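To start, the structure itself, in structure tokens.
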Ligand code: FNR
């Protein structure tokens with residue numbers, strides 16, 4: 001049976017290219033992985049002060065991650081590092097101390113950028129945080145998608161065949177990675 005994957009999109013922008021990439025990956029994974037975007041834009045900023053009486057949004061988010069078989073992150077790079085909303089989601093999922101929802105869930109990271117560098121720095125910063133919260137990350141293939149403003153048509157579908165082919169390769173490799181756990 002297809003495993004359930006929680007997809008985290010690091011951009012909150014309505015017309016986000018990363019969201020479009022995530023949606024393309026969801027489409028390419030059909031019948032192989034059940035991938036669903038879990039929204040992170042509504043999560044109050046993490047503070048230990050709220051641990052005793054956590055916001056409902058935190059609890060709902062933690063439950064969704066808990067029930068997923070794996071994690072896919074699709075994110076931009078902000079100022080050469082992790083967008084704040086994504087880091088907040090990682091922090092929310094990691095607490096209260098001793099009750100993190102992340103450990104042992106296989107994961108993968110895709111970054112994209114309007115520049116040709118494809119979010120390389122953010123990709124590795126995201127990996128750093130997930131290593132600490134004990135998410136085993138797929139190492140290859142890596143995904144740094146550059147020139148993201150040029151790879152989609154009006155309908156939000158990939159117009160560059162090489163990119164679509166690469167995303168299919170990535171999804172298929174991720175499916176194999178998830179099956180190992
Ligand atoms: C950016 N952008 C950007 N790009 C990049 O390659 N490296 C970077 O460090 C940054 N820094 C950065 C900071 C902030 C605050 C913003 C808003 C943007 C540009 C970024 O690649 C571009 O806006 C993408 O389109 C963002 O992804 P979404 O929103 O399209 O998914």
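Including glycine, each Cβ sits where the backbone N, Cα and C put it.
These features come from TrEMBL:
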DOMAIN    4-148  domain 'NADPH-dependent FMN reductase-like'
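Mean pLDDT, taken over the domain 'NADPH-dependent FMN reductase-like' (4-148), works out to 98 on the 0 to 100 scale. Residue counts for the domain 'NADPH-dependent FMN reductase-like' (4-148) by DSSP state, with H, G and I taken as helix and E and B as strand, are 52 helix, 28 strand, 65 coil.
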